[in-house]
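Student: What follows is a structure written as structure tokens; I'll ask about it next.
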């Protein structure tokens with residue numbers, strides 16, 4: 001009953017959408033449909049996925065129950081097909097322009113063609129379509145990863161391959177590869193306000209497209225964490241869009257970029273919230289690498305095509321920290337066990353930081369010194385024996401959270417991490433808009449947003 | 001060594017491509033790369049697919065060996081990623097227009113933007129991108145079908161769902177929904193040369209997009225048949241494109257449609273030929289529903305966006321015959337066993353038509369009469385007992401081929417079917433161009449090709 005009512009409300013929202021924020025109203029309708037569809041389909045696919053053997057073990061529960069795996073592909077595919085239906089609504093104002101006044105579209109090939117060349121924003125449509133080619137490629141490669149256990153050094157580049165259609169369309173279609181130089185001082189030093197980056201800019205966009213999906217895929221392994229961190233990041237990006245809606249004139253180019261961003265994010269949040277419901281502690285489904293890549297790529301697409309990829313990176317600070325924090329283990333300076341997930345204690349049902357042990361291979365003096373300093377700074381937890389470090393917590397943000405606040409039940413652990421994420425994001429958002437004002441000056445801020453900030 | 005040489009030749013072809021047929025020369029280069037890549041990757045994935053359990057049994061061999069299944073997804077994905085890299089080459093002439101004369105692209109946002117709105121064929125780019133969204137959707141839904149065993153009545157509509165992005169972009173972007181009325185006589189009767197079909201036209205395009213992929217998926221089950229029929233149909237379509245290249249002026253709209261078609265088909269033939277090598281008798285890999293849907297959708301996309309979907313249907317005559325021939329069994333008039341594949345005789349290694357038996361449930365008098373008439377026409381093979389029909393060959397083109405020419409070894413059977421396909425296609429192609437001249441008149445033929453023939 002509630003679902004039917006929601007769908008009716010969604011259809012009403014879509015069909016009555018009007019005025020400047022038409023795209024946003026319609027996207028809210030699509031978000032509701034996405035939520036209801038995901039919520040409807042996921043529980044009905046659980047047995048099918050288990051029967052077909054797409055399963056994983058939940059190691060942090062008593063008895064290590066079998067949970068269906070890769071279920072995040074369902075909201076991802078629902079999202080894509082919703083976004084196809086969204087096309088006529090997103091490009092509505094241009095469609096209406098091409099009528100003969102009576103509400104009918106123009107007949108006759110020649111007339112329609114001439115008008116459409118002038119009025120229809122094909123360059124925006126191509127961007128939009130290239131975004132979805134990239135997202136579909138992400139899903140296909142994510143499925144391959146989930147099903148075929150691709151090696152780590154290969155899977156790291158999956159998002160780069162998936163980003164190719166977007167970058168190529170960007171190249172033939174838009175081709176803007178300069179960035180704004182911050183502060184008047186530096187601008188006068190360079191004698192210009194823009195730096196032409198050329199091919200380097202494609203390298204940078206590729207790096208963003210590699211980093212965002214992988215960073216979400218790495219901060220994972222706790223019930224609900226993949227989905228809830230994605231919802232938090234998506235919400236922060238949407239909040240950032242709203243800042244522009246409330247502070248910029250409606251015809252500024254920044255508004256168009258952020259309308260595009262919000263229109264993609266709102267339905268994304270719809271399907272992701274429904275998935276979170278099933279992925280939250282105790283998880284009834286696992287989401288799979290596919291969903292992590294997909295989420296990260298939604299953010300990368302929005303950041304790159306909306307020209308605010310640096311703002312995106314600000315919202316990924318916990319993920320960036322997690323990555324840098326992991327480097328000593330990934331680089332082999334500190335031993336790296338096969339799994340670095342926190343340790344589940346069956347007796348009290350709580351999670352404890354998991355430890356890397358090196359009793360047999362003692363650390364050199366420099367790494368030991370660094371670990372001792374980090375330990376003083378409360379950034380690692382070390383266990384010593386006879387004056388030597390024999391264990392250190394595995395270097396992930398999840399374990400560090402447990403060092404700070406643990407032991408915690410799994411859902412508290414997840415909630416703590418995403419609260420940090422939300423808090424850091426909100427502080428960064430405030431700083432970014434205050435500093436942006438200071439760095440670029442008020443006028444430039446909004447002009448710049450259409451280029452790249 | 002041969003592969004390396006081929007790749008070098010391909011790169012040379014791509015980079016030296018020039019003049020009017022630049023797109024075709026580049027697409028030949030991409031076809032070679034697609035062939036080499038598919039030929040390289042498939043054998044290296046066989047063990048992986050078997051280990052992961054993506055396998056099927058080859059029922060028409062001694063010992064029913066285990067064969068990796070769904071391998072057609074590899075050429076399909078390779079094709080897509082090649083076609084992304086193809087974008088700058090396909091839209092090259094427009095890119096070059098946007099330079100400042102010295103070979104450098106224009107700098108400065110505003111200048112570039114103004115020029116690109118006028119010169120860059122965004123409406124073509126959007127069509128191209130929508131085609132690949134549809135193909136990627138086909139792959140995703142095909143994988144779901146292969147992995148999750150979707151029910152027959154659901155899977156029939158998979159191509160319709162996958163076609164949505166293409167049809168929606170067609171709607172917002174092109175919107176031409178009239179067809180040319182054949183013959184001057186009918187044109188003067190209607191008082192116009194075009195009929196406006198409106199929404200009906202979308203129904204028609206949807207039907208083509210449903211029919212082409214399913215028709216290839218249905219004519220399957222013999223080693224090599226899925227791939228080789230696809231190669232034959234693709235070659236016939238390409239031949240049809242060539243007829244236009246040699247007979248039309250270079251600036252006619254028909255040429256542009258057929259350049260688009262050929263540019264998509266040539267790399268498709270490259271990857272498909274490599275797959276055929278492994279799928280041909282005795283099959284080392286099975287292709288899966290994914291590949292059949294994908295192939296059919298390539299043809300549907302080319303036919304719909306190239307505006308010659310009726311010509312496409314002409315090349316699918318064996319598939320259409322196979323479908324109509326199956327109707328009595330699909331509709332339940334004649335009993336339909338679970339599998340209708342031909343029967344393999346282990347002793348002589350030959351294939352025999354498989355039979356539907358209804359000794360227990362005798363046929364009514366009308367169906368019996370029809371079967372007797374069809375038997376006289378050599379369109380069915382019946383077995384009678386006491387003046388009653390007790391068995392009839394399963395109503396598929398494959399079994400009928402065996403009734404006509406059998407028993408045959410599996411590769412001979414496949415070769416016979418695709419020879420028929422090629423022969424019928426060539427006859428149809430000749431008739432179509434002669435009749436087209438007679439039906440539409442010479443001028444109209446080529447004007448019409450840009451609308452719909």
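A Cβ is built for glycine as well, from the same backbone N, Cα and C atoms used for every other residue.
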Student: Looking at A:312-334, A:335-357, A:358-380, which one is transmembrane segment according to TrEMBL?
Tutor: A:312-334
Student: In TrEMBL, one of A:119-138, A:259-278 is tagged transmembrane segment. Which stretch would that be?
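Tutor: Among A:119-138, A:259-278, the range TrEMBL annotates as transmembrane segment is A:259-278.
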Student: Labelled transmembrane segment by TrEMBL, one stretch among A:71-92, A:93-114. Can you tell me which?
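Tutor: It is A:71-92 that TrEMBL annotates as transmembrane segment.
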Student: Of A:7-28, A:29-50, which span is tagged transmembrane segment by TrEMBL?
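Tutor: That would be A:29-50, the stretch labelled transmembrane segment in TrEMBL.
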Student: Give the one range among A:29-50, A:201-219, A:231-247, A:312-334, A:413-435 whose Cβ atoms make the most pairs under 8 Å with those of the transmembrane segment (A:285-306).
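Tutor: Comparing A:29-50, A:201-219, A:231-247, A:312-334, A:413-435 against the transmembrane segment (A:285-306), the winner is A:201-219.
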Student: Per the definition of 3+ C-beta pairs under 8 A with sequence separation of 6 or more, do the transmembrane segment (A:312-334) and the transmembrane segment (A:71-92) touch?
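Tutor: Judged by the Cβ rule, the two regions do not touch, with the required three close pairs absent.
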Student: Hey, which bits of the same chain come close to the transmembrane segment (A:413-435), Cβ under 8 Å, at least six residues off its ends?
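Tutor: Same-chain residues near the transmembrane segment (A:413-435) but 6 or more away: 219, 222-225, 228-229, 232-233, 235-236, 239-240, 243, 280-281, 311, 314-315, 317-318, 342, 351, 397-398, 401-402, 405-406.
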Student: The transmembrane segment (A:29-50): which same-chain residues, six or more beyond its ends, come within Cβ distance under 8 Å?
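Tutor: Counting only partners 6 or more residues beyond its ends, the transmembrane segment (A:29-50) has Cβ contacts under 8 Å with 3, 6-7, 9-14, 17, 66, 68-71, 74-75, 78-79, 82-83, 85-86, 266-271, 273-275, 277-278, 284-285.
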Student: Can you name the far-off residues of the same chain, 6+ from the ends of the transmembrane segment (A:71-92), with a Cβ under 8 Å from a Cβ of it?
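Tutor: Long-range Cβ neighbours of the transmembrane segment (A:71-92): 14, 17, 22-23, 26-27, 30, 33-34, 37-38, 41-42, 45-46, 49, 120-121, 124-125, 128, 132, 135-136, 139, 142-143, 146, 226-227, 263-264, 267-268, 271-272, 274-275, 278-279, 285-288, 290-292, 294.
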